[in-house]
Amino acid sequence: MSISSVVDWWEEWQLRILVLGSLAIQLYLAVVAPFRKLTGLGYTNRLLIWVSYLGGDALAIYALATLFNRQKRLQHNASSSVMNGSHDLEVLWAPILLMHLGGRMTISAYNMEDNELWLRHVGVAISQVTVTVYVFWTTWSPLADKRLLAAAIVLFILGIVRCFEKPLALKRASFNNLITYFVPASMTEITTNREVELEKYIQDARFCYMQSNNIQQQDPALTTLKEAEQQFHMELISAPNKLFVDYAYAYSVRLEKLKSLRVLGPESAFKALREGLSKTFDLVYTKIWRHGDDENWDKPLSTIVDYLSVILMGITMTFPVASIVLFHISHKEAYRGSDIKVTYILLYITYFSELISVPARLNISTFSFRWWKVSTIVLRLVGLPPFPFVKVQQHSLIGILDAKEKKNSFLASIAGGGPECCGCQDLLQQRWFGRGKLFRRGKDITSLVIAYAEDAWMNGIKDVESYWKLSDSRGHWTLERNGCQEMVILWDSLEKPFDQSVVLWHMATDLCFNCKGASVDPEPANLCRIISNYMMYLLCANTEMLLPGSRVSLFKDACSKLDDAILQAQGEDDKHLTLTEKVISKAAKSEERFLHGAWLLAQGLMQLPGCGDGDDDGKKMWKVIKGVWVEMLCFSAGRCKGYMHAKNLAYGGEFLTYVALLMSNAGLETFADKQQRMQLRLSKEERLERAKRTTEQDTGNQAAGAVVVIQEENAATPSTASASGQGECTTAPALEVVVVEAV
């Protein structure tokens, strides 16, 4: 076959190949794009989706340009009767390419930055629609079948609608529009005292926790919810949260969310948060849209589907059918057989892809409660885990060294600090050598955070000062409660910069695990290591979320120091030792600051009072380590911007987002609250008294009884918090008060 014949063949089949290729990309995106919200999707699949997302627009535009050039040549080549016989049919493909340019319902943007480019997409849509209509108007033969003309007009209407649907969706999901979507609380009156309002909220929240805990202890059956009540509370928690735009909720709304969280318990709360993230993903990265703020997100289906959605769904469902019918009854025999087959493929697969988008157009989330079982079956059939946003990424310093010993030596030399090779060192450390097993333990760690929030409200938070102090704690509260005031090494490790504390405690946790081992119950030790490895993952691979200003260079430096320690421990006496044993033997006698500091910290933890004595056998040590890591996790979650949480949803989401949402719904201080802290001017006693009067005014002081202030030292609260405390609770009748019925 000569080159000229190949060129002729390409000229003949180029348009068909481009159109079918564009159709294949759109079908792939329609089927696979919804699974982007899964943490375990994998880098290869995400790369394919990204390439398809970028290449889909480019291929559609190139196919349109090829079609226009082809029609232009045909106008000057009237002698080619065969090609002229099919040129009207080829023009019919143009509106389908416009639909491809509009993208799929399930993927309007691949990342947050794409939403800000909505104006560029408006320009592309206007130019492509204008040129397409012009070419159609000038090239359509007046002798062509009228039914084919009607099919083309129907497809053009649908193509124009779909082409402009994408830039409008991008505009709606741009960050400034998201801020207006989440309607902020109305401005407070100038006479409102914010510190009194905060004090009242804190006391109401404490009362809610104590009351629900007492109800559960008195009669657990009272905590059983009816299905309608369960659904109401889950929908309140699962609504898209203002946390993503750094808005603070009004205190009344926060109390309602807190009550719902207490009623649901860890298991149901975890499911609600999971669907909430799925809805937020749909809001930011798809064309799925519901009007109104997060407080009226979930209403009956007949009321949440607005008229525009109904009209669009009607167009996208009926117009393809009309075009198929018109094409069937047209005089298509006059056209080339290959073009007829291509047209059939385009029409039927286009309609099939529109059918796939029906749940999205009806505002049914892929992972909603109603479709949960169906989604689970589909996910398992395609080999994907059925739970979005639940996996906890893992990264370990010792794991990197171990992986480098077992994997390719050339790659290991690059990742181990060798010369930079096109910037591959960081990529290899993050994605190849440092990538540990993904733990599906998100629910277990969520239970720890819920228990921490309950414990904080019951035993740690008494007023505004303690509320702020606990929010700023990153392990200090745990040390205080466990009698570690005299352990200077532990306190010093927490007073260092946060990223440095994370590295030290990560290394110390591994040393404790390998020196001391897990206690009789291995669960606390395993959870500690999971949180420890996750925090190291954030430092290495997602530094901006760990804490603004965190230094990934600390991770690289720690890897280098550990690598040097291993090389120095290669003597004859150390050949029989495992990698971990080499690290321990070197750490015990090392003068290097990082390794020696981690060893001293581990020694301090292993020497805690009662650690290893008799029945305790390390329980105290792991209790302290677990408490510190949970506080560090919450400290980091409370200081991550909402934009970063929303941005990472595009890649499956971070578990830190779960923690931040849980803290918000549990009534703890969020990033927005920290940015809006007021200067305290009133004394504690005056603030408490004013809050009490405000509560009495709100309730109308109608109760026939005496108001008795509960003294903090006599408060009947349990010494330990349970992660499964449930029970409906009401607002405290007065600040730190109980209404006692008059005799």
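Even glycines carry a Cβ here, placed using N, Cα and C.
Just so you know, TrEMBL annotations are computer predictions that nobody has curated.
Taken straight from TrEMBL:
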COMPBIAS  683-696  compositional bias 'Basic and acidic residues'
DOMAIN    50-360  domain 'DUF4220'
REGION    683-704  region 'Disordered'
TRANSMEM  15-35  transmembrane segment
TRANSMEM  47-68  transmembrane segment
TRANSMEM  91-110  transmembrane segment
TRANSMEM  117-136  transmembrane segment
TRANSMEM  148-164  transmembrane segment
TRANSMEM  307-330  transmembrane segment
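Through the fold, the transmembrane segment (117-136) approaches residues 57, 61, 64, 67-68, 71, 91, 94-95, 97-98, 101-102, 152, 156, 159-160, 163-164, 166-168, 170-171, 174 of its own chain, all at least 6 residues removed from its boundaries and within a Cβ separation under 8 Å.
In this model, the domain 'DUF4220' (50-360) carries an average pLDDT of 81. For the compositional bias 'Basic and acidic residues' (683-696), DSSP puts the residue distribution at 13 helix, 0 strand, 1 coil.
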